[in-house]
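Engineer: Annotations per Swiss-Prot:
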| type | residues | note |
| --- | --- | --- |
| ACT_SITE | Asp304 | active site |
| CARBOHYD | Asn62 | N-linked glycosylation site |
| CARBOHYD | Asn276 | N-linked glycosylation site |
| CARBOHYD | Asn339 | N-linked glycosylation site |
| CARBOHYD | Asn346 | N-linked glycosylation site |
| CARBOHYD | Asn465 | N-linked glycosylation site |
| CARBOHYD | Asn547 | N-linked glycosylation site |
| CARBOHYD | Asn566 | N-linked glycosylation site |
| CARBOHYD | Asn588 | N-linked glycosylation site |
| CARBOHYD | Asn811 | N-linked glycosylation site |
| SIGNAL | 1-18 | signal peptide |
Amino acid sequence: MLFRWCPLVALAIASGTAATEQSWESSPYYPSPWTKGEGEWEAAYQKAVSFVSQLTLDEKVNLTTGVGWMQESCVGQVGSIPRLGFRSLCMQDGPLGIRFGTEARMDIFLYLTCNTNFYLPYVGDYVTAFPAGINVAATWSRELAYLRGKAMGEEFRGKGADVILGPAIGPIGRAPEGGRNWEGLGPDPVLAGKLVAETIKGMQKSGVIACAKHFIANEQERFRIAAEAQGYGFDIAESISSNVDDVTMHEIYLWPFADAVKAGVGSIMCSYNQINNSYGCGNSYTQNKLLKGELGFRGFIMSDWQAHHSGVGSAFAGLDMSMPGDTLFGTGVSYWGANLTIAVANGTIPEWRVDDMAVRIMAAYYKVGRDQVQVPINFNSWTTDVEGYQHALVKEGYGVVNQRVNVRDHHAQIARRVARDSTVLLKNKGVLPLTGTEQFTAIIGEDAGPNINGPNSCPDRGCDNGTLAMGWGSGTTNFPYLVTPDDAIQREIVGKGVGNVMSVLQNGDFKNIQAVAGQADVALVFINSDSGEGYISVDGNEGDRKNLTTWKGGDEMVKQVTSVCNNTVLVIHSSGPILAGQWHDNPNITAILWAGLPGQESGNALVDILYGKENPGGKSPFTWGRAAEDYGTTILREPNNGKGAPQHLFSEGIMFEYRHFDQKNITPVYEFGYGLSYTTFSYSDLRVRPMRANKYVPATGMTKPAPRLGHSSTKYADYLFPGGFKGVTKYVYPWLTSTDPKEASGDKNYGMPLEDYVPPNANNGDAQPVLPASGVPGGNPGLFEDLYEVSAVITNDGDRVGEEVPQLVRNLSFFPPILS
């Protein structure tokens, strides 16, 4: 695959052993690897060791444990270390920009907290609403991925956030109905890996820590959280298990994370789902062996919010930070906090494991230069009022919580460029670009116009009202404004002062639709398909899409227009592919554009393409099938294991999406990587040159023993709440309420024999064998050796400036062929 400003790189397609029916269990792997300093991590590691060496046990625990849901300004914060002047680290959503104000995992959060005292503001706080990750994938541009990441990083830094909860590379998009596919970078692991690496570099260049998520095999919303599924009427007690074979894990789901680690990502978020029947944040195989062992990840693993299911077990399994800190939202009870303090004091967890957690957190902090660019936290996730409660959950600490700092700078230009360059021209019978001087232009469809209640009126964008510019869920942000296609197109035409333009912005108003479209020289018809996170249901779509059809009767609206207008231009806003089979080859549809989820600059970016101000250069980041069955994969829609964890077998192995279409010889409507242009390109002088790649050498040897940075007291009395200290209600602290550890822990099972819950070798801090697949951050260096250089002379033969994205698909000869 080629990225616009880079040499050609080949995408290898290989067959692998598919998963088969069996009992799926995740193999244990202990101890949790301790980090070390090397390469670009060396200086940060040394600073981290120096800092952590000064800490008491309770201060180390404070670094690892969130203070509780809605207890501070950010969606997640750990404790502070006042003695050293170290403020609480701020974790903030999300992958499209700074999310706050509506903070609305409402369905599940209100259910769990019984808290109805939420204020739902509808305004943005001087931040940019960027295009979605799937749009970045459609640009195939490392440059734009970097620029978007850097702009985001600058905004988070300006608001005082330390960690961006993004970018997303899980879900990768195994099933086209997946609710959060749009947050990620598409279903090809090479494309996703290259672009996530540049996004991370941009974010961290700005002085904030990127958090790549969701690790791993997190491919659907349904059943991801048992309590959430219960709210939808499913009687299950455990989250879904994604059952994945090792080849598929490495070649598909782990690959983009390898690129993220190689790029120096500071944090990775573990996921809600189980992997081979072990929860993501307590899975020692995926966290200890794959991520910290094979990939050599030097940063810290953070739990998704309430994806933390155990205390001692998750610590041994590699989790480094618990978010938001409480076991259930608003309880003030934590698996860690005081319980982690007790577990170290009584010898259950060796102190070196907590040292390693703290060093990993601080190494990421120093690596991106957080100590050099500190900005006070100047926003609040729970209200956009200037004044409010610092501890919103319990309504304590009233004062100024929002300073309304404008952090946007020139970022609207970057957002517009990404939205524009990600627009994919799927069909053109010579009608595009338009001139703006057409005699009569009709604009048809709700998706062209505004949400009459405002673009932020639905919490976390949990509706499909007006034009679709982002999906829904925690990965959203508030729009500072939203330029609708209707506004931008009308402005373009009226500015020319020649043609008429008329809009009908109700999909079902067939009488007026036909009356207007029947007079038009060109009818611009807008359709969409939305999706999002599982805590919000929109029209029965509980995060994941129910189907791949258009929403709000879009197909029928297209039929109504094309029956009276022979020059219909179709514009699609969607979170993924839709079924285009019934209209893509309609002769009265003269052009089709996919604009994805373009963010705040939606209309402006579209006008740039429609009216030829810029050449369309986007390439489809997914395959467009003729039927849902063409994909060969879908989400699991019904429980299949009684009340236990639904079992989702990834039986296709690596053969999903375009690989499946190729293997099964299924002709799609539009291929992965497809996209037309207003100009033409010719290829010549194609050359393939073998590179002098180094021989693959498995890593060998032993690690050093686990660094021990402190010898803390084992006396429980040393960890009691400080005398005279007045705490915040339901706040998670590292201190004990009693010298009786069972009473202080609140754990009815306290005192169980260690052999009943501490896995063999988990507390072994001796030198350990180096994994053969390891070597440097990202994995064995042999993974990144260039085998061939492919070059060509590409000539623009047309009369317009444009960009081309050459693509090369190579079937490796030592695997069974999958292409005929």
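Quick reminder: no glycine exception, Cβ is built from N, Cα and C everywhere.
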Engineer: Secondary structure at Asn346 (N-linked glycosylation site) (DSSP, helix/strand/coil)?
Structural biologist: coil
Engineer: For Asp304 (active site), name the DSSP secondary structure in the helix/strand/coil scheme.
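Structural biologist: The three-state answer is coil.
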Engineer: Work out the three-state DSSP category of Asn465 (N-linked glycosylation site).
Structural biologist: coil
Engineer: Could you round the CA separation between Asp304 (active site) and Asn566 (N-linked glycosylation site) to a whole angstrom and send it over?
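Structural biologist: Asn566 (N-linked glycosylation site) has its Cα 50 Å from the Cα of Asp304 (active site).
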Engineer: So if I measure Cβ to Cβ from Asn346 (N-linked glycosylation site) and keep only same-chain residues at least 6 apart in sequence, which ones fall under 8 Å?
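Structural biologist: Same-chain residues close to Asn346 (N-linked glycosylation site) (Cβ under 8 Å, separated by 6 or more) are Thr714, Pro741.
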Engineer: When neighbour density is defined as the number of other C-beta atoms within 10 angstroms of a residue's C-beta, which of the glycosylation sites Asn276, Asn339, Asn465, Asn547 has the lowest density?
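Structural biologist: Comparing Cβ neighbour counts within 10 Å for the glycosylation sites Asn276, Asn339, Asn465, Asn547 gives Asn547.
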Engineer: Please identify, from the glycosylation sites Asn62, Asn566, the residue with the sparsest Cβ neighbourhood, meaning fewest other Cβ atoms within 10 angstroms.
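Structural biologist: Ranked by other Cβ atoms within 10 Å, the glycosylation sites Asn62, Asn566 bottom out at Asn566.
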Engineer: Where the distance is taken from Cα to Cα, which of the glycosylation sites Asn62, Asn276, Asn566 turns out closest to Asn588 (N-linked glycosylation site)?
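Structural biologist: Of all the candidates listed, Asn566 is nearest in space.
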Engineer: Using C-alpha atoms, which one of the glycosylation sites Asn276, Asn339, Asn465, Asn547, Asn566 comes nearest to Asn62 (N-linked glycosylation site)?
Structural biologist: Asn339
Engineer: Nearest to Asn547 (N-linked glycosylation site) in three-dimensional space, by Cα, is which of the glycosylation sites Asn276, Asn339, Asn465?
Structural biologist: Asn465
Engineer: Near Asp304 (active site), how many other Cβ atoms are within 10 Å of its Cβ?
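Structural biologist: Neighbour count, Cβ to Cβ under the 10 Å cut-off: 23.
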Engineer: Closest of the glycosylation sites to Asn566 (N-linked glycosylation site), Cα to Cα, picking from Asn276, Asn339, Asn465?
Structural biologist: Asn465
Engineer: Tally every other Cβ atom lying within 10 Å of the Cβ atom of Asn588 (N-linked glycosylation site).
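Structural biologist: That number is 15.
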